[in-house]
């Protein structure tokens, strides 16, 4: 992933008598942006594929503390992942009740029946 660092400079229009002239951060800032995503990077957080050790830490954390407050996972478990990444990993890969694979013939029949009845209201179908 290519990264660029941009230094933003704003000319100082402050006069010696104006209150803003005493500001130490007089108009400069540095931001780091990703060429692919455009978002700012957060230092110290790991990106990319999860390891088996990270999965085990997250599973143990959720077993002890339950789901929710995902931003606390990094502070309390030692994982170097953001809360959103932990939540998505749990919801899409690690949840014990997550069913992977094809639909059974009965599930397929139920989906078709509910779709005929409700249309594309997938959240309503899931609630039934």
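Glycine is no exception: its Cβ is also placed from the backbone N, Cα and C atoms.
Whatever TrEMBL says is automated annotation, not expert-curated.
Positions annotated as compositional bias 'Polar residues' by TrEMBL: 1-10.
Annotation comment: TrEMBL describes 11-35 as compositional bias 'Low complexity'.
Looking at the domain 'HTH myb-type' (42-98) alone, the prediction's average pLDDT is 92. TrEMBL lists 42-98 (among others) with the feature domain 'HTH myb-type'.
Sequence annotations record features per position, and here TrEMBL assigns domain 'Myb-like' to 42-94 (among others).
Summarising the annotation, TrEMBL assigns domain 'Myb-like' to 95-128 (among others).
Counting residues 6+ beyond its ends, the domain 'HTH myb-type' (99-128) has no Cβ neighbours under 8 Å in the same chain. Annotated domain 'HTH myb-type' per TrEMBL: 99-128 (among others), in sequence order.
Annotation source TrEMBL lists region 'Disordered' at 1-48.
Residue counts for the domain 'HTH myb-type' (42-98) under DSSP, helix first, then strand, then coil, are 33 helix, 0 strand, 24 coil.
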